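Peer 1: Okay, these came from TrEMBL:
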DOMAIN    25-431  domain 'K+ potassium transporter integral membrane'
TRANSMEM  61-79  transmembrane segment
TRANSMEM  149-170  transmembrane segment
TRANSMEM  190-209  transmembrane segment
TRANSMEM  216-238  transmembrane segment
TRANSMEM  267-286  transmembrane segment
TRANSMEM  298-318  transmembrane segment
TRANSMEM  338-365  transmembrane segment
TRANSMEM  386-408  transmembrane segment
TRANSMEM  463-488  transmembrane segment
DOMAIN    469-561  domain 'K+ potassium transporter integral membrane'
TRANSMEM  494-512  transmembrane segment
TRANSMEM  524-543  transmembrane segment
DOMAIN    574-828  domain 'K+ potassium transporter C-terminal'
Amino acid sequence: MEPESGIARGTSQFSWASLSRNLILAYQSFGVVYGDLSTSPLYVFRSTFIGKLQRHQTEDAIFGAFSLIFWTLTFIPLLKYVVIVLSADDNGEGGTFALYSMLCRHAKFGLLPNQQAADEELSAYKYGPSRQGQSSLPLRRFLEKHKKIRTALLVVVLLGTSMLIGDGVITPAISVLSAVSGLQVTESLLTTHEVLLIACVILVGLFALQHYGTHRVAFIFAPIVIIWLISIFSIGVYNTIKWNPKIVHAISPYYIVKFFSETGKDGWISLGGILLSITGTEAMFADIGHFSTFPIRLAFAVFVYPCLVVQYMGQAAFLSKNIPSIPNSFYHSIPDPVFWPVFIIATLASIVGSQAIITATFSIVKQCHALGCFPRVKVVHTSKHIYGQIYIPEINWILMIITIAIAIGFRDTTLIGNAYGRLLLLLLLVSLQNSTNIYKYAIKTQEDWGMSILASSFCFSALQINGSLACMTVMFITTFLMALVLVFVQQRNIFLVAAFLLFFWLIEGVYLSSALMKVPQGGWVSLLLSFIFMVVMFVWYYGTHKKYNFDLHNKVPLRWILGLGPSLGIVRVPGVGLIYSELATGVPAIFSHFVTNLPAFHTVLVFVCVKSVPVPYVSPEERFLIGRICPRPYRMYRCIVRYGYKDIQRDNGDFENLLIQSLAEFIQMEAVEPSLSNSDSASFDGRMAVISSTRTFQTTSSLVVSEVEDFGAINTIQSSKSLTLQSLRSSYDDEHPPMRRQQVRFQLPPNPVMDPSVREELMELIQAKEAGVAYIMGHSYVKARRSSSFLKKLVIDIGYSFLRKNCRGPSVALNIPHISLIEVGMTYYV
């Protein structure tokens with residue numbers, strides 16, 4: 001079944017069914033995507049007019065600040081993301097890794113192993129124009145030629161990913177603590193410990209809700225955000241009309257020029273507060289897989305953007321006539337009759353604000369895992385219709401534990417927000433390889449950290465300003481990757497793309513430099529978290545590639561297998577042996593290890609490679625590649641199962657049957673395809689055929705299929721004469737009613753013109769299937785060579801080994817029945 005992207009293409013978008021579905025998805029997106037972005041009016045003006053800008057708290061400065069907010073919202077969320085970036089979704093999937101996967105396919109920047117030329121024939125592989133633009137061809141060849149540049153590109157992607165995941169840890173703590181802190185303002189009887197306890201309970205509840213799925217969580221949270229947006233829109237209209245209707249004139253960029261002419265350097269430093277108006281924007285792109293492009297665009301352009309603009313306008317109109325209210329600008333601007341309802345909605349909306357980054361973290365981890373840059377985790381698809389809606393239990397509980405630990409360890413929310421600041425500056429120094437400044441900065445940081453731990457009270461705006469640094473880093477990287485996609489994938493004019501890159505980097509660079517000017521103390525939290533996530537991803541990527549290269553260089557020579565003869569020099573017992581390997585070509589070393597240590601092997605051998613390709617999904621018609629390794633009497637085949645990073649690997653019990661059906665189709669096809677049956681070829685390996693896995697068992701042309709009901713092996717207890725076993729059976733049936741399963745049996749069709757050799761091979765395949773299927777995998781121990789450097793031994797022997805032992809095993813990830821599993825121990829010296 002081909003996954004649905006959640007958005008119909010072409011004119012079908014405007015059908016009633018599609019429109020209603022898109023409206024539902026747009027409604028759900030309010031509860032997930034826009035919580036963080038929509039709560040920014042709580043603190044933007046307060047954070048802007050602090051510090052040195054307190055000397056410029058005038059009506060003209062407020063008009064200029066609103067003009068900056070308006071054009072920032074217009075240029076970055078509306079123009080850059082909604083209009084440009086969202087147009088580059090990878091078949092309904094977004095985020096930094098979606099952009100990277102498109103570059104891997106179209107410009108061959110990727111470093112993924114076991115990729116084949118056949119993968120380029122997938123229908124989802126190509127995106128955009130089929131011809132490569134001549135203007136970008138020299139640049140493409142230069143980048144493809146230098147592996148170090150491609151490695152640097154991967155590091156940049158991992159940096160953006162680690163910052164986003166680190167943001168997924170920090171943001172919930174900030175959102176919940178800031179919301180609960182409001183209770184202490186209104187209820188002075190609450191102590192700090194009581195507020196912290198309430199915050200921890202809310203955090204546990206927030207993460208506990210995630211397993212219900214994005215669509216259920218969105219339905220719960222969406223009304224809160226919608227009511228919040230309607231409330232701030234109404235308040236904005238009221239304040240604009242009552243206090244200063246002339247604020248509408250501030251939309252003109254003239255007020256921006258006037259703002260900087262009056263404030264100078266102080267105005268530039270204050271841009272860190274303006275930046276808060278777009279925090280959470282990157283979630284629109286990262287969460288595409290949960291809702292698709294059209295609903296997200298619809299929700300923002302029609303509802304979110306107007307509500308935010310009107311609210312900022314109304315708040316600026318109020319402040320222009322009430323300058324002393326700047327420290328609590330939002331709450332002071334609320335009319336008294338509706339203060340308490342709005343305060344409650346504001347508190348709830350602040351809590352919901354962290355949902356966007358949690359959901360985006362699930363999406364980005366799934367993409368990293370599928371592209372070989374993250375340890376194996378359990379991915380639960382929570383929707384039958386929108387396959388991008390996922391839940392990852394391990395990541396969810398790890399995020400919860402770390403978030404609660406941060407909330408407890410840093411009771412002052414400002415200290416948590418400070419965690420973003422030093423991370424970016426250190427990474428910039430490292431990237432510039434400026435060892436002198438790194439040393440000086442580390443000494444200064446060590447001195448300041450001791451003072452910051454003793455501090456107990458900082459202004460909340462400093463928290464938010466430094467929290468936005470991670471978001472701006474992700475935006476920076478997204479702009480860079482988007483420029484590459486525009487050049488190499490969408491074939492845009494290189495000069496227009498350069499203008500896009502320079503224009504948005506200029507805006508984002510100004511904001512980033514302003515935020516860096518307010519980097520306070522305590523940045524080790526975010527530094528540590530992002531560094532840990534980036535190390536985990538790089539160590540897993542490095543160890544996986546070293547292991548694959550070992551398999552690649554230690555393949556069993558085909559001449560050796562042919563020299564053994566069809567019997568392989570041992571007894572061939574009835575049954576099918578599925579030998580799992582990461583190799584897409586060649587015979588893995590575990591095969592020779594098995595043959596030389598055990599006296600028997602199965603009649604039919606199938607070398608299975610389950611691999612990911614850099615596409616969102618692979619259609620079932622293109623999933624299986626079937627080929628033959630040795631001449632026909634050997635009964636040795638190869639099956640490559642291809643999945644995209646958005647695909648669902650369900651354990652529906654049909655894999656064995658689909659595999660036997662596909663092998664039978666290949667045997668029939670081989671008999672009539674000269675290119676497949678040419679036995680004069682020097683190499684039998686590598687000739688593969690795409691076999692569709694969408695046929696129903698009853699419609700296959702190679703085998704006659706019958707289905708019988710199977711109640712499982714426990715039915716044998718019914719015939720037992722033991723009263724104890726019968727009573728146990730009765731009590732078990734009461735609690736676990738037997739489930740009906742359909743057992744598939746294959747038979748040859750009555751075809752008198754079938755080639756005798758084909759008939760014989762099909763009969764052996766059927767008999768082997770009836771005898772049983774065994775799954776054979778390598779139980780590998782990866783170690784660094786003795787001659788390796790200390791750093792490599794540290795990475796492989798400690799880091800990679802630790803991750804392999806504590807993540808999901810390959811047999812669990814591949815849904816292999818434990819009762820049929822045979823593991824072959826091997827040591828890899830990489």
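Every residue gets a Cβ built from N, Cα and C, even glycine.
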Peer 1: Give the one range among 61-79, 149-170, 190-209, 298-318 whose Cβ atoms make the most pairs under 8 Å with those of the transmembrane segment (216-238).
Peer 2: 298-318
Peer 1: Tell me if the transmembrane segment (386-408) touches the transmembrane segment (149-170). I count contact as 3 or more CB pairs below 8 A, with pairs 6 or more residues apart.
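Peer 2: Between the transmembrane segment (149-170) and the transmembrane segment (386-408), contact is present.
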Peer 1: At a C-beta cut-off of under 8 Å, are there same-chain residues at least 6 beyond the transmembrane segment (386-408) that contact it? List them, or none.
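Peer 2: Distal contacts: 3-4, 6, 25, 92-93, 168-170, 172-173, 176-177, 196, 199-200, 203-204, 207, 210-211, 213-215, 288-292, 358, 361-363, 365-366, 377-380, 416, 525, 529, 617, 646-648.
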Peer 1: Are there residues at least six beyond either end of the transmembrane segment (190-209) with Cβ under 8 Å to its Cβ atoms? List them, or say none.
Peer 2: 172-173, 176-177, 180-181, 183-184, 217, 220, 351, 354-355, 358, 396-397, 399-400, 403-404, 407-408, 411
Peer 1: Please spell out the DSSP helix, strand and coil residue counts for the domain 'K+ potassium transporter integral membrane' (469-561).
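Peer 2: Computed counts for the domain 'K+ potassium transporter integral membrane' (469-561) are 77 helix, 1 strand, 15 coil.
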Peer 1: With a Cβ cut-off under 8 Å, give me the same-chain residues at least six positions beyond the ends of the transmembrane segment (338-365) that come close to it.
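Peer 2: Long-range Cβ neighbours of the transmembrane segment (338-365): 31-39, 42, 93-97, 161, 164-165, 167-168, 171-172, 174-176, 178-180, 182-183, 186, 202, 206-207, 210, 214, 217, 221, 224-225, 227-228, 231, 235, 280, 282-283, 286-287, 289-290, 330-331, 374, 377, 388, 390-392, 395-396, 399.
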